[in-house]
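Colleague: Just dropping this structure here.
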Amino acid sequence: MAPSDKRKRDQEFPLSREDSTKPLAASSLLRNAEEKSFPRGGSSVLTPLELKQVTNEAAGDVLFGNKASTESTGQEKKTKKRKVSRAPNSKKTVEDEKDQFEGLTEHINFKTLKIGSMLLGQITEINNKDIRVSFTDGISGYVSMMNISGQFTGILEALDDNMGGEGVDEENASSDEEDSNKNNKKSSFELPDLHKYFQLGQWLRCSVTLNTALEPQSGKLNKKRLELSIEPAMVNQFTEDDLDRFTVVQCAVKSIEDHGATLDLGVEGFEGFISKKDCHNFDKLLPGSVFLCSVNKRAGRSVTVNLHFTAKSNKISKISTIEALVPGQTIDFLCESVTGKGVAGKVLGLVSGFLGVNNIHSFGEDELKSQFPVGTNVKSKIIASLFSKDGNRTLLLSTLERTVALDNSLKEIDALDAFSVGYVLDSCTVAGRDSEYLYLKLDNDRLGQVHSSRVGDIEATATIKSRVLGYNNVDNLYELSTDPKTLALKYLRSKDIPFGETVTCEITAVSSEGINIKIFGGQFTAFVPPSHISDTRLVYPERKFKIGSKARGKILNVDKRGHIFITLKKSLVNSGDDIKIITSFSDAKQVFESDEKTLAVVQSFRPKGCVLSFFGGIKGFLPTAEVSEVYVKRPEEHLRLNQTVIIKLLQVEEERSRIIATCKVSNDQGKQQKEAIEEMILGRSIIKVTIVEKTKDSLVVEMNEVGLRGVVYAGHLSDSRIEQNRAQLKKMKIGAELEGLVIDKDTRTQVFNMTLKQSLIEDAEKGELPLLYEDVKAKDNQTAMHGYIKSFSAKGLFVAFNGKFVGLVLPSYAVESKEVDISKTFYLNQSVTVYLLRTDDDHHRFLLTLKNPEERANTKRTNGSVNNAVDASVHSLEDLSLGRVVSAKIKGVKKNQLNVILADNLHGRVDISEIFDNYDDIPSKKQPLGNFKSGDIIKVKVIGSHDVKGHKFLPITHMVNKSSVFELTAKKFKVDSSESSTLTISDVSVGDELIGFVNNYSNNSLWLTISPSLKAKISILDLSDDNSTFTESLEGQFPIGSVVKVTVSAVDSDHGYLTVTRRSHCVQGFDDIKVGNRMPASIVKITDRYVLLNLGGNVTGISFAADALDDFSVPLDEAFSGMKNQTIPSEVISIASESKQIRLSLRSKDSKTPLVKSHKDLKQGQIVQALIKSVTDKGIFVYLSSLIEAFVPVSKLSDSYLKDWKQFYKVMQPVTGKVVKSDDDSRILLTLRESEINGDLKIMKTYSDIKVGDIFNGSVKNVTDFGVFVKLDNTLNVSGLAHRSEIAEDLPKDLHSLFGVGDKVKVFVLKVNIAKKQLSLSLKASHFTAKGESIEEGVSDAATKEYEEKYEAAASIEDEDEIMDDVNYSDDDSQTDERVEPCSESKSEIKAVTTGGLSLSAGFDWTTSILDQVQSDYESEDDIENFTEAKRTKRHKNKNKFVEDRTIDINTRAPESVADFERLIMGNPNSSIIWMNYIAFQLQLSEIEKAREVAERALKTISFREETEKLNIWIAMLNLENTFGTEDTLEDVFKRAVQYMDSFLIHTKLLSIYHMSEKFDLEAELYKSTAKKFGSDKVSIWVSWGEFLLSRDLADEARSILSRALKVLPKRSHIEVVRKFAHLEFAKGNPERGRSLFEGLVADAPKRIDLWNVYLDQEIKKNEKNKVENIFERVFAKKISRKQAKFFFNKWLEFEDQQQDIKTAEYVKAKALEYAEAHPKAQSA
């Protein structure tokens, strides 16, 4: 019996019970009978050798008759046929033969192999995840890993547990020369290698667990497949009595011991053992492997086995049940009947069996009868145990020598070497025939079989022509076909088709995913991948390749499963004979040895090259250096994906599957280029080139005739300044010829650098340009040398004469003062003239100077006398010492300074801040210097010098030279006193009042001059408490030089400037804002629903449309158009403390739409303006103001019938209504019906009020083939027709694709027919021009006639009033419309309320806040220009204002059709917002593929300069695939995005997307690869990873991340990363751990006061009072400045005040006083 705990396979495969076969029941019956015939403990009474045929038949009838009677269910037993008596030597009749073979199975096929059938077969194929076993009659099945053995399954389960905790590193493609073989290994390298557990040819006993041929047929044809199990518990159905010697058992290795291996026999209570000596391949034995063996002996519960199957007496003679008769057992077969088909008989007198001619290799009835006489026993091997139709078990046997001996050799290899598959045998003779096969004799030694389905129409001749289809290993027979159709085929199998063969293809299906085709007349189906459809990418391949059409292609590859892949690339299909195609490594070797050209396709790009693909799946690698003879930085910039390239092979290694290729196929040209670049002499070779390419900052040139390429950078176009060179670069045209000097070269990449600087070219022509150290040393200190700045650092300027010969200019010899920053004074590639300073012979180095001898001499002369001084008392420069008062003559009056002359050779300046003593002395506040004139003589005092180039104040100790002038003061009190100092930043403290003069404008701020050495910055928001007085532009209100009184609000000592304000109440934070405050606000963002404003101090407020508009009829975005960044007055109307949301009102006192504060402000019948808040099924809710809402029921919406009325009402749409009811604030009812609103007031226009030339807004009411019906807004149910000829300048083809019902349009009235109440309208753009231009008046007669005929047919239908019951007047479902997320600590911008298509799903962040994080580097020049334009005031912008054509914005607030979006895209193709709305719109329609197409269109359409817009689209695509796609599609988009955009930014965005969608496993894997790629220089990735792990409660892993980060990051980043991890520990982890990290930081860097501050902040948040006070004490024990001490004392005092600890607060004050006395403030000079 099988063990009780074995797997219940029949439960997993219910097909095993599809008929009445019940093997278990049969077994029990047999056991009952066996108790009589086979007493337990002894042999049977009658052995099979002693039984007569009649006795055996009788015993069988009794046994199986009992079974049949037992299983009978009341039906009458069929009458058996009467036996015909005959003489023993008489012949059987046909009927007797039929009876004898009835119930027997002669051959196996898929229909006879029921679940539970067992077979003996040989392993013919070992795959990665299963093995294939072949059986008799050419049937094969597969054994999966889970069906091998219990031990092997345990290995897989343990592997699964281990792999569950470890991630696989996806960054496995870093090597430039490794192809995709690594990736193939990656997916399965952890799985056990089945080649180590099994060997080809090995015999196994298999049990059928699944047969797809027996499953119910579905719509598609089921593929026939056998699933098998070789587990010992499944195939060894033995009891204790069956484990006798020579019993063949299948066992699994449990463990390997010193002297052998313990085995699992699958029999409960028994264990097997095989010794080393009995197993010839013991060293290769592994736990879990399965093999057949023979029982040698049994001792108790231990069974010893061996592999000896060839003994003569190795057959079994007894069994306990018939289930023990399993395949692999050797038995005696009693022959009962012999025919030409084979021999029928019994096994052990119990089970019927059949020995077919295919397992005898003898044919003909006479030959068989002589070989197998009836009544004799034949030693045979059971090869199959099957179930007959009536449920009885039958056996198939074999007497073939290699089968009986279980010979492991595979005859297939030798047999097919003799006659391969497809080989045609011209002369075969018929050897025999049975019910299913025709047997042919190939020669004296070889036989073959032809299945009846493959015989075909053949003529009866002596010899027959056949074709080899394969080989049957178990039966040792060739598989043949004699069908003429098969004989005529060119190839039998797909794998026989040679790679590269040209075939004719018939197209059966076409899509963007590839093309399905038929080849060889439909014999095979094949597939064309998208990359091989054409040489150029086809967006719509179905347009070129029609179904049913023919095309020429080449066999690209055939995989292991026989799938054929075709290429249709003409570059490959039409390749001539001169180019050899590579289909194998042997072909590659031939191409390599003969140095021939070949073709390859670019499959993918790697950092150091690209992967190439050849025919047959062969891969190669093309290094970046071999892409071209010219320098190639990135291969994707020179090649494109899937491009066909002509190459040569540099290296072929079949053992390593390695091919290295090159695109440098022209040897002659390559030699010329190599010689040309070697002959170039840097600084001497002057060559002629042609411009072939332009980049942003350089020219790519090509050397004439040779084709060698080089680069000319913008700085080398001339000796002029960089601005002029850039302007010249833009004028350069491709194809122009240039002549220049070679200054650098790279022989390896064959690229040179060239200069067009005339100074260098002339020196080179004269031979004066230094090339060597000796050339420089030969120069004297007076000789000028021309060079250019190659680089600069803190050491000074590095001046080059060519790319490899550089000298150093120290900073003191480059600029006049150490205060001057050389990095801002000079620029790269700037032309300079230098002089030799000194040389170093030991190191061959030299120092240069930019100061020529004459300048130094002039400086010395300047120190002497002065010429024609204005003040007669001045005789030399020494007379102009600090504090000296002299007379000066005004030379020029500027807006913010006076330029004066002290002498002919001495100049000075008087800053505007050094002229007036106080504010009241200034006569004109906007033009303080207006009273000064050129030529006036004034008294001044010397206070220092002024650097003209650096615009900096310098002490008088600096020598006055050509680049500096005297700094003077004209303040009366300074001239009359001894005071000579200027106000510095150390003299100023917060709260001081100062006088400033406007010096410059910057983004939303003014720069003021406080003194010559002190500047101040004032925000526009701080210019006034109420900006309502600003009626002109900022430049007009505060011109350059104007004076303002300010108060110091902050002192920035690090950057040396003050922050000042003119406001009495400064906004520093949220708590400074009070309800009712009127204050200036800067517009940050404008949408159709709200305006976002900045109130200063990083405080933002929001003003919704009802609070912002003076006139509700004007859309919000139109009312504030062009006002972004402008400052306007606002009033605080509400503050939400919890969400920190501030609501503002921007309405003026004289607003057109009155402010409704309560229902008391309304009267019944009053006409009001409103904005639609939301649209519900019962009606619409509208805003009368931000405080009051009203409801309009459906019955009160319109006089006309609106079929789909919701399309006509959009959120924020202005409407005019009449008050019907206003009982209280929550129950206000309006009507929008034109007839009710109009009444006697005639507010709504009628047909009689409309004139030709009027312009109206309206909504599309109906769309017909002849035109569009439009209902006009603010009219009494007036509608008109815009004929199709009046839609656009060009006649549109399909109006339905352009317009939808409810679309908003602007129309022009062409004609009015009051009598018929008809209007003729136009939507043409030409009508919406300036007033002075002509207007078309009328349409063609034909159009008018058609209009009159069809207008009446399209009459409107009056709507029926709708009864509104139980209307909820409070729109609770839409209260979130105005909700805005509160500002976080790190973001000052309030998240925008999603509108339109972007509100597709909650939390679906299309850009992951990308717009807030993109650096300013992404801004284009156009953006900068638009920004400056946007700063114009509204008043200035209204000049020359004209009526715009806005018909393109038919529904700007919420596009509702594809046509709407297409029109928006035509107007603004570079707007990512429009594209993303379009994508969201398609997703709302569940059109996922169309959404992808829109995204791909966006990437192609948006200009390459708009990097930010493209980035938004990429991130939207990542979101799309993450939500709606698969992991493969997301991976594909991600890889593409990384190639085109900033890689680190894309990685971080995908991390954010994964986090938002809660795909934490994928997020964790991505963190690993991102940190590996960018961790060496990006602190943020480690911090984000740590935060992610802490949020997932993986504290230990987060801390290990910190250790890894410290190993990878440079030392300069260690403090930052540890500080941020410590912050994370306080916020999300263990505060004690955070304290440990901070303690380590302050110990390593005690002078870093900022670390103490952060440490304190964290402890304060935790409210650990003792710890906070302890840290404060430690801080003051350090050496800190007064400013730092002041900061920490204030912080400590504030903390104690919050704790309400008065005693400690007094202690802090005393300690602060003590510190101040011990550290007095330094006195100013």
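Placement of Cβ uses the backbone N, Cα and C atoms for every residue, glycine included.
Pulled from TrEMBL, these are the listed features:
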- 1-99: region 'Disordered' (REGION)
- 1-21: compositional bias 'Basic and acidic residues' (COMPBIAS)
- 161-186: region 'Disordered' (REGION)
- 167-179: compositional bias 'Acidic residues' (COMPBIAS)
- 500-569: domain 'S1 motif' (DOMAIN)
- 595-664: domain 'S1 motif' (DOMAIN)
- 678-757: domain 'S1 motif' (DOMAIN)
- 782-851: domain 'S1 motif' (DOMAIN)
- 883-957: domain 'S1 motif' (DOMAIN)
- 991-1063: domain 'S1 motif' (DOMAIN)
- 1076-1147: domain 'S1 motif' (DOMAIN)
- 1165-1233: domain 'S1 motif' (DOMAIN)
- 1253-1324: domain 'S1 motif' (DOMAIN)
Colleague: Work out, from DSSP, the number of helix, strand and coil residues along the domain 'S1 motif' (595-664).
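Modeller: Breakdown, helix to coil: 10 helix, 34 strand, 26 coil.
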Colleague: Output the single range from 678-757, 782-851, 1253-1324 maximising the number of Cβ pairs under 8 Å to the domain 'S1 motif' (1165-1233).
Modeller: 1253-1324
Colleague: As a test: from 595-664, 782-851, 1076-1147, pick the stretch that has the greatest number of Cβ pairs under 8 Å with the domain 'S1 motif' (500-569).
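Modeller: Between the stretches 595-664, 782-851, 1076-1147, 595-664 has the largest tally.
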Colleague: What are the DSSP helix, strand and coil residue counts for the domain 'S1 motif' (1253-1324)?
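Modeller: Once the DSSP states are binned, the domain 'S1 motif' (1253-1324) shows 3 helix, 36 strand, 33 coil.
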Colleague: For the domain 'S1 motif' (1076-1147), DSSP counts of helix, strand and coil?
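Modeller: Within the domain 'S1 motif' (1076-1147) the tally stands at 8 helix, 37 strand, 27 coil.
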Colleague: Based on DSSP, tally up the residues of the domain 'S1 motif' (991-1063) by helix, strand and coil.
Modeller: 10 helix, 38 strand, 25 coil
Colleague: Give, as a single whole number between 0 and 100, the mean pLDDT over the domain 'S1 motif' (991-1063).
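Modeller: That region's mean pLDDT is 82.
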Colleague: Over the span of the domain 'S1 motif' (678-757), count residues by DSSP class, listing helix, strand and coil in order.
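Modeller: Split by secondary structure, the domain 'S1 motif' (678-757) comes out as 15 helix, 35 strand, 30 coil.
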